[in-house]
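**Student:** Before we start, here is the structure in question, set down as structure tokens.
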Amino acid sequence: MANYTPAPEDDYDVFIEDDLSDDEIEPCTPYDPKILSAQLVPYLYTTVFMVGLLDNILVVFILVKYKGLRQAENMSFLNLALSNLGFLLTLPFWAYAASHGEGFDDPLCKILLLLYSIGLYSEAFFNVLLTVQRYKEFFHVRRRFSACRTVAGSIFISVLVWVTATLVTLPELVSYKPQMQSQKYKCFFTGLHFLPADETFWKHFLTLKMNILGFLLPLFAFVYCYVRMRKTLQFRERNYGLFKLVFTIMAVFLLMWGPYNIVLFLSAFNEHFSLHGCGSSYNLNKSVQITRIIAATHCCVNPLLYVFLDKAFRKHLCHLFYLCSDTAPQPTEEPAQGASGEEYHLSS
């Protein structure tokens, strides 16, 4: 097994993957990620960065100026946009590293890993929070948690989620450090040598942590809440626009990050699935890189979903660019306690 693991500048896994240049058990040519990295990643990541930066800043502006942050869901939408922006800030650096074949020295190595990881985990957690908020609204349990729906309560929960996402990324932060390789710095996984466990254990631990917190937890929340809501007659009879938006955002997140998490799991535990042969290793390494590139583009998708599924957002966007002739909308007030999510959504 390799002593180090390349980080995203090799356009491989930021968390746990083995060095792709290692010799396999069978004599064969290993997969070289640098070919696809140099040809595709710089252009794709730069495009995603520019598009994502523009549309997520627009989301933040519209939420703050027009829709207001008095409703708990709007606060969560704002935090989702901030999560995307944090993730986006790392893409130009990975694009540069892919095109030049080199990484970064301290402290930039750890800063980029921190932004990348916090952006990913915080988006997963805020997606879960939004889903649970819609679930409680649907089954009219809002009054039991009325304190959580105040501005102060929403801010407290948001801070708690950000702190949790930061704490979750600490293992990556302490286990990565820049190393010199071929007279170039690389941001490598070196393991947690101050704890009594070998590198294989931490490789499996970090993989399972990402799979559980970044994929299985949102998947469970999505399936449980959606199935329970789908069974009720009210859900089938009424078209809840805000419900549709929240669950579509979660579904897209799962669809874009799901393949990467599955392939990552198979790659980390390949010895348990008889996937350590030459051909299997080659295909797994290639799949990890491709699915990771696809997943990294998710951070510019949410604002597009707002445009297609949120009438109020389209109206505010229209007024912002002077495409509408009627009077510009005013900032939205918090709905009354008895108002439904749909009534607020259509009037905001």
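Glycine residues also receive a Cβ, built from the backbone N, Cα and C atoms like all the rest.
Pulled from Swiss-Prot, these are the listed features:
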DISULFID  Cys109-Cys187  disulfide bond
CARBOHYD  Asn285  N-linked glycosylation site
TOPO_DOM  1-43  topological domain 'Extracellular'
TOPO_DOM  65-76  topological domain 'Cytoplasmic'
TOPO_DOM  98-110  topological domain 'Extracellular'
TOPO_DOM  132-150  topological domain 'Cytoplasmic'
TOPO_DOM  172-204  topological domain 'Extracellular'
TOPO_DOM  226-244  topological domain 'Cytoplasmic'
TOPO_DOM  266-292  topological domain 'Extracellular'
TOPO_DOM  314-348  topological domain 'Cytoplasmic'
TRANSMEM  44-64  transmembrane segment
TRANSMEM  77-97  transmembrane segment
TRANSMEM  111-131  transmembrane segment
TRANSMEM  151-171  transmembrane segment
TRANSMEM  205-225  transmembrane segment
TRANSMEM  245-265  transmembrane segment
TRANSMEM  293-313  transmembrane segment
**Student:** When DSSP states are grouped into helix, strand and coil, how many residues of the topological domain 'Extracellular' (266-292) land in each?
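**Tutor:** In the topological domain 'Extracellular' (266-292), the DSSP-based counts are 21 helix, 0 strand, 6 coil.
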**Student:** Hey, would you say the transmembrane segment (77-97) packs against the transmembrane segment (293-313), going by three or more CB pairs under 8 A that are 6+ residues apart?
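**Tutor:** Contact confirmed: at least 3 Cβ pairs fall under 8 Å.
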**Student:** The transmembrane segment (151-171): which same-chain residues, six or more beyond its ends, come within Cβ distance under 8 Å?
**Tutor:** 69-70, 72, 75-76, 79, 113-114, 117-118, 121-122, 125-126, 129, 192, 202, 205-206, 209, 213
**Student:** Translate the DSSP assignment of Cys109 (disulfide bond) into the three-state scheme.
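**Tutor:** In three-state terms, Cys109 (disulfide bond) counts as helix.
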**Student:** Using Cα coordinates, what distance in whole Å links the residue listed as 'N-linked glycosylation site' and Cys109 (disulfide bond)?
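**Tutor:** Distance between the two Cα atoms comes out at 23 Å.
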**Student:** Measure the Cβ-based neighbour count of Cys109 (disulfide bond), defined as the other Cβ atoms within 10 Å of its Cβ.
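**Tutor:** For Cys109 (disulfide bond), the 10 Å Cβ neighbour count is 22.
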**Student:** Among all protein chains shown, how many Cβ atoms are found within 10 Å of the Cβ of Asn285 (N-linked glycosylation site), not counting that one?
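**Tutor:** So the number of other Cβ atoms within 10 Å of Asn285 (N-linked glycosylation site) is 21.
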